[in-house]
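Straight from TrEMBL, the features:
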REGION    B:1-25  region 'Disordered'
TRANSMEM  B:41-58  transmembrane segment
TRANSMEM  B:70-89  transmembrane segment
TRANSMEM  B:120-140  transmembrane segment
TRANSMEM  B:146-166  transmembrane segment
TRANSMEM  B:203-222  transmembrane segment
TRANSMEM  B:242-265  transmembrane segment
TRANSMEM  B:286-312  transmembrane segment
TRANSMEM  B:332-351  transmembrane segment
Amino acid sequence: MTSNGTGTHGAVLPDTAPDRNGPIVELRGAGKSYGNIRALHGVDLEVHPSQVTCVLGDNGAGKSTLIKIISGLHQHTEGDVLVDGEPVRFTTPREALDKGIATVYQDLATVPLMPVWRNFFLGSEMTKGPWPIRRLDIARMKETADQELRNMGIVLDDLEQPIGTLSGGQRQCVAIARAVYFGARVLILDEPTAALGVKQSGVVLKYIAAARDRGLGVIFITHNPHHAYMVGDHFSVLRLGTLELSAARSEITLEELTNHMAGGAELAALKHELAQVRGVDVEELPEAEDLTAPVATSPSSEGTS
Amino acid sequence: MSMAQQAEPAVGTPPAPGRKETDGRTAERPLVLRLLARPEVGVFLGAVAVLVFFLIAAPAVRQGGSMATVLYQSSTIGIMALPVALLMIGGEFDLSSGVAVITSALTASMLSYQLTMNVWAGVIVALIVSLAIGAFNGWMVVRTGLPSFLVTLGTFLILQGVNLAVTKLITGNVATDDISNMDGFDQARKIFASSFDVGGVQVKITVVWWLVFAAIATWVLLRTKYGNWIFAVGGNKDSARAVGVPVNFTKITLFMTVGFGAWFVGMHQLFSFNTVQSGEGVGQELIYIAAAVIGGCLLTGGYGSAIGPVFGAFMFGMVNQGIVYAGWNPDWFKAFLGVMLLGAVLINLWVQRTATRR
């Protein structure tokens, strides 16, 4: 584990890829308990630059807890979280941001009544002039926002329009472009396609690919295996707070992933019971022994580059 | 290295778009609609309507002196309506602002008189007290997460009681002693409560301060980082925090700005009337809030302007004095206010729906 820790801790990092080969973010047996409730336990996860790591799981599987640990909203209570090979414990989202870990939340990514360009720079505004009359550099901010959005393939007529007037997919894209611009090395996307239609989802997936091609490590949280399989390099399925599956793209097919994700193992066990119920079609459900995808019994078996 | 059998992800990079292409889906909205969507345009039209109405209905209003009185009346409301509006855009409100004005004036007056000090000492201490009240309000709101309505209702009751009780305790009376013979009084009066001559009409200096503060507030709101934060903490506190906006700092300093406004208006009252009635100020806070709402600020935060409340306060002053000049029963004033307030709220609602329409 080489750890030539880079000094890039500012809010705005240069767009260069980090010069080390290991994962940017790594979780080793990480877990989190709220009082006596164990929300997450023994999770291993690696995030590499230029790769999309998909985290799948049903409601209550622990996806949100996982994001909150990595993004600094909550602290882990067991295991280790490593950034650039060094153990960290974030206490605020700002600390995670300073390490280049940006999170795009499903709903709290933007302020609806504020113009697009103000949202883009919110919290990291560009200013000019000496202190008593230090003011926003509006022209430069608008130009930069426009340029960055275009680089991600988003074209907006009017950056003055309130961001609430954009569609859900466009808002996600603005949030992604913002994270990319502010030097994120790791982008956490919390169910970006959950509330979107088919076409909108496609647009968001395109920007996930664009972010990956710019050298970012992407953590893509979703419960849609089809979306995950379209862009993912590595898939982790959470169930009841533990890792049920951890597989590289080469080791798994979409069908296996879908089965795991849809609770395939459990459904298969229920198959014979369900067959008794009229109106439930079990023909397409796999038998339990057909599920041969590697299960997370041998963590980090995959040597990725 | 298992790169060889690694299947390529299906989705590629989007093609780089041309430099100045538009998405072509948003049609330019008519100028009138775009103008009406600005927070201050509705109230501007309202203010003009009220002015024209009284120019016709009350011939006395047409004289310069009457106009100066209207502006003076507006300025005493307007100076407080500005910080109250900023606070409202920041998503909070302050019910203690009316009695805080009196608290500030009482502090300055009694401190200078009882200790026989230069009035400036009292003025400075009053400023510190006012800022501290604001900081307390803000700190309580951000620490407890309680609605600011409850927290400042508490402060309102506390200050109302303290104002009366402490004044009676110290002076044995409900009003403070006349401080017009104290050192520094004339100097302070020049700043807070003097008049100047414009073409034969005496104009109060508070009108100038009102416009200066409005200009500063507008600049801060639209052209500085802090202004951006005000909109953000009022619009969506959690989003703002998640992108690194210091939410607590912004809210506490907004409450302290209201404290500053209360101090300024308190000093004006003290130096124009020489004494302070300790029971006053109750109900004023609602006038300030109403002026801000009429001025286009959204009660729930995140939207508004600093120039809107200027027109809002002007409408108040105009109606208040206009009714007198028209020779009507002044009891109608409150009824007028109610109508204006409801009208403003309806316009706000419509604006918000238009602005966020998908």
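Here the Cβ of each residue, glycine as well, is placed from N, Cα and C on the backbone.
Fair warning: this is a prediction, and the values are worked out from it, not measured in the lab.
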Checklist outcome for this item: If you count CB pairs under 8 A between the transmembrane segment (B:146-166) and each of B:70-89, B:120-140, B:242-265, the winner is B:120-140
Item to check | Beyond the flanks of the transmembrane segment (B:242-265) by 6 or more, those residues with Cβ under 8 Å of it | outcome: 76, 79-80, 82-84, 86-87, 90-92, 94, 97, 100-101, 103-104, 126-127, 130-135, 137-139, 141-142, 192, 209, 226, 229-230, 232-233
Item to check | Cβ-Cβ under 8 Å with the transmembrane segment (B:70-89): same-chain residues at least 6 beyond its ends | outcome: 61, 97, 101, 203-204, 206-207, 209-210, 213-214, 217, 221, 230-231, 234, 254-255, 257-258, 260-262, 264-265, 268, 284-285, 287-289, 291-293, 295, 297-299, 301-306, 308-310, 312-314, 316-318, 320-322
Next on the checklist: So if I exclude everything within five residues of the ends of the transmembrane segment (B:120-140), which remaining residues of that chain have a CB under 8 angstroms from its CBs? That is, six or more out.
Outcome noted: 94, 96, 100, 103-105, 107-112, 146, 148, 151-152, 155, 159, 184, 187-188, 251-260, 262-263, 266-267
Checklist entry - Same chain, outside the transmembrane segment (B:203-222) by at least 6, Cβ under 8 Å from its Cβ: which residues? => result 68, 71-72, 74-76, 78-79, 82-83, 85-86, 89, 190-197, 230-231, 264, 268, 305-307, 309-310, 313
